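Q: I'd like to ask some things about the structure below.
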Amino acid sequence: MAMISYSTIVVALLASFMICSVSANFQRDVEITWGDGRGQITNNGDLLTLSLDKASGSGFQSKNEYLFGKIDMQIKLVAGNSAGTVTAYYLKSPGSTWDEIDFEFLGNLSGDPYTLHTNVFTQGKGDREQQFKLWFDPTSDFHTYSILWNPQRIIFSVDGTPIREFKNMESQGTLFPKNQPMRMYSSLWNAEEWATRGGLVKTDWSKAPFTASYRGFNEEACVVINGQSSCPNVSGQGSTGSWLSQELDSTGQEQMRWVQNNYMIYNYCTDAKRFPQGLPRECLAA
């Protein structure tokens with residue numbers, strides 16, 4: 001039998017500890033932060049539900065902070081007349097110059113599709129919205145929504161299909177979130193002033209409580225504890241197939257084009273009226 005050197009074992013062990021890869025348990029890995037009992041964890045930590053009524057919504061956050069990672073969550077959205085409601089799932093750092101990577105699901109009248117709203121904030125500045133309709137009913141079953149965030153890019157995916165990529169273009173003067181650790185947050189709340197048809201359709205409280213369900217939370221990430229990352233000296237040069245160096249291959253690019261050609265309903269990069277002084281630099285570079 002071939003001998004394995006001590007140094008090889010040590011390197012393998014160190015590599016295994018560098019990156020946290022966990023199929024999370026809600027009881028162990030998140031905390032419900034608001035809602036006065038409207039957030040519930042059941043099934044031995046495998047299922048979490050958030051509810052919204054006229055008095056309050058609810059929300060939770062990860063216990064871990066991340067500086068780069070791939071975060072997956074399976075969500076079943078509010079069914080029926082969800083107009084006025086927003087289910088948000090995002091990464092965010094604290095403070096007034098925060099970074100943020102957003103999925104927001106804007107409810108609608110029964111039979112009308114949800115709007116999936118995405119955005120990227122760097123140092124407190126957003127205005128990078130792209131919106132989509134989904135090609136399935138997100139209320140009839142769970143679907144996986146993923147954020148891949150590495151030093152070179154952010155990729156938003158739905159059931160493994162990439163829908164948006166935001167590249168690191170710092171060399172061209174565009175800010176990119178890379179220095180501030182972020183937690184995962186999710187919430188269900190009332191946004192009837194703007195969420196559905198620009199606020200024209202209000203929340204029908206006779207349909208309350210509204211409920212969103214979560215399972216399959218997975219974090220494969222560089223976890224930050226007491227200011228120290230579990231992935232020291234991250235440069236984006238991960239092992240082959242690692243999310244740390246992942247980029248879209250030709251198949252992924254084709255899938256993203258299909259989604260954007262058929263299901264994108266708003267793109268800030270084509271909204272010249274919104275930016276009379278000129279489109280953002282990342283739009284011109286793309």
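From the backbone N, Cα and C atoms, a Cβ is placed for every residue, glycine too.
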Q: Have a look through R28, R274, R281 and flag the one Swiss-Prot assigns to the xyloglucan site that E104, H117, T118, N119, D127, R128, E129, E193, W194, G198 belong to.
A: R274
Q: Spatially speaking, which of the recorded positions T118, W194, C283 is closest to N108 (N-linked glycosylation site)? Use C-alpha to C-alpha, please.
A: W194
Q: Count the Cβ atoms, other than its own, that fall within 10 Å of the Cβ of D127 (xyloglucan binding site), considering every protein chain shown.
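A: For D127 (xyloglucan binding site), the count of other Cβ atoms within 10 Å is 12.
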Q: Give the helix, strand or coil assignment DSSP yields for E104 (active site, proton donor).
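A: In the DSSP reduction, E104 (active site, proton donor) maps to strand.
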Q: Cα of T118 (xyloglucan binding site) to Cα of C283 (disulfide bond): how many Å, rounded?
A: 16
